[in-house]
Amino acid sequence: MLVFEILVVLAAIFLGVRLGGIAIGYAGGLGMIVLCLGLGLKPGSIPIDVILIIMSVIAAIAAMQVAGGLDYLVHLAEKLLRSQPKHITFLAPVVTYFMTLLAGTGHTAFSTLPVIAKVAKEQGVKPSVPLSIAVVASQIAITASPVSAAVVFMSGALEPLGVGYLQLLAICIPTTFIGCMITAFICNLFNTDLSKDPVYQERVAKGMVKLRGQTQYVAKPGAKLSVLIFLVGILAVVFYATAISKNVGLIQNPIVGRDSAIMMFMLTTATLIAMFAKIDTDAVLNASTFKSGMTACICVLGVAWLGDTFVSNHINDIKGFAGGILEGHPWMLAITLFFASMLLYSQAATAKALIPAAIALSVDPVTLIASFAAVSALFVLPTYPTLLAAVQMDDTGSTRIGKFVFNHPFIVPGVLAIGISVALGFIVAPILL
């Protein structure tokens, strides 16, 4: 029966992947019907906290986008990339990493990918190199963002173990960023000469490759103000979450918990942007970040609920099987999280499904934090939206998905970045805890 239940979970996930987009969440609901109504499993916990945090953060980001703030950030990113075009392989992941770090969602990378592709092409660099690292960096940065649902959940799970919110960020930010930079350095050592790519030459001969110059940017009246308001909102979240942590204790017995506070601050941020940037609030519903964020909520609802249902119904079996393995080989947790996130399609959903089980197995905080970056393996299956966008935006053909599905340019940078980040985590975490 256990094997059949696993097959049901995998079948639901693969059906969702095949249908694409929001259907990953839909298929999770189908899997729940089979597991609960068909096989008699008790429904697991719905990740309401994760979903509401994503909704709140996306509401603020979408308001900033409508105000022109996101375009302003992309303009700054383009200026940076064009100021040092020869270093595009290093600057591309820097841009997407920090945009995700600030926004709490990797969907902000959509806006920068066309710029990265253009600058790389103009420099004769295979766009696949900076694009692949940039996409991976935008996924890994989720595990270091102060306002991402994954980090907020992880912080809450670790607090009873004596690890504060600020400690978690102090470990995750440098280890993941350095991991991405080392990966960029390694990838830059390989052949990045676009002119020697046979597919590129073929596409040039057919007139399928176009060079575009720098786009003209005109800032909306409230663009800079919306960015400032959003940054102040993030700082407020970090300050409050730090102040209520047991390690700092500036606020004793807080009335509002961390999750609720983030929702309050982000919705307030959206309100202030709407008031002072004078945006059309109806336009928020059509913003690309709002649509992708709400899609993410449905996906998290479906796959995280499905995953938690399976795990919670077999937690004792999992403890018995995995306890001894993790005790002797703690790094195996990172591998488990890697493959789980590949299927669950969400950092927050993966953390929500497996971190409580790892804590129940008495996995130590160092291992938990060091392995956290491994929940970012969303690049393995070439169906994630930012990955597909990178493929579509590269008209040179260098960023392409092979016939065997897994042979695409995101695999090597992704595995390297996660592996290095996890290794650095095992070095840095014992020092800071």
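Including glycine, each Cβ sits where the backbone N, Cα and C put it.
Distant neighbours of the transmembrane segment (19-39): 1, 4-5, 8-9, 11-13, 295, 297-306, 309-310, 345, 383, 385; these residues of the same chain sit at least 6 beyond its ends, with a Cβ under 8 Å from one of its Cβ atoms. The feature transmembrane segment is assigned by Swiss-Prot to 19-39 (among others), with sequence analysis given as support.
For 50-70 (among others), the entry in Swiss-Prot reads transmembrane segment, with the evidence type sequence analysis.
Positions annotated as transmembrane segment by Swiss-Prot: 90-110 (among others).
Tertiary proximity for the transmembrane segment (133-153) is limited to same-chain residues at least six positions away from its ends with a CB under 8 Å from its CB atoms, namely 49-51, 53-54, 57, 89, 92-106, 108-109, 112-113, 116, 168-169, 172-173, 176-177, 179-180, 183-184, 187, 234, 237-238, 241, 258-259, 262, 266, 300, 347-348, 350-352, 355, 372-373, 375-376, 378-379, 384, 386-387, 390, 410, 413-414, 417-418, 421. What Swiss-Prot records for 133-153 (among others) is transmembrane segment.
The annotation transmembrane segment is assigned in Swiss-Prot to 166-186 (among others).
Within the chain, the transmembrane segment (225-245) has long-range Cβ neighbours (under 8 A, six or more residues past its boundaries) at 60-61, 63-64, 67-69, 72-73, 102, 146-147, 152, 155, 159, 164-166, 169, 251, 254, 257-258, 261-262, 265-266, 268-269, 272-273, 276-277, 279. Residues annotated as transmembrane segment in Swiss-Prot: 225-245 (among others).
Residues or ranges marked as transmembrane segment in Swiss-Prot (evidence: sequence analysis): 261-281 (among others).
Residues or ranges marked as transmembrane segment in Swiss-Prot (evidence: sequence analysis): 292-312 (among others). Among residues of the same chain six or more beyond the transmembrane segment (292-312), those with a C-beta under 8 A of the stretch's C-beta atoms are 5-6, 9, 12-13, 16, 21-22, 24-29, 31-32, 35-36, 41-47, 50-51, 54-55, 57-58, 61-62, 105, 107, 110, 149, 318, 340, 343-346, 348-350, 352-354, 357, 385.
Annotation source Swiss-Prot lists transmembrane segment at 320-340 (among others).
Taken from Swiss-Prot, the feature transmembrane segment covers 368-388 (among others), and the record attributes it to sequence analysis. Within the chain carrying the transmembrane segment (368-388), a Cβ under 8 angstroms from the stretch's Cβ atoms is held by residues 17, 20-21, 106-107, 109-110, 113, 135-136, 138-140, 142-143, 150, 154, 157-158, 161, 163, 168, 171-172, 175-176, 179, 292, 330-331, 333-335, 337-342, 345-347, 350-351, 355, 358-359, 401, 405-406, 408, 410-411, 414, 418, 421-422, 425-426, 429, 433, all 6 or more beyond its ends.
Residues or ranges marked as transmembrane segment in Swiss-Prot: 411-431 (among others).
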Check: Of the listed stretches 50-70, 90-110, 166-186, 261-281, which one has the most C-beta pairs under 8 A with the transmembrane segment (411-431)?
Finding: 166-186
Notebook entry, point to check: Are there residues at least 6 beyond the ends of the transmembrane segment (166-186) whose Cβ is under 8 Å from a Cβ of it, and what are they?
Noted result: 89-90, 92-94, 97, 101, 133, 136-137, 140-141, 143-144, 146, 151, 154-155, 158, 238, 242, 245, 247-248, 369-370, 372-373, 413, 416-421, 424-425, 428-429, 432-433
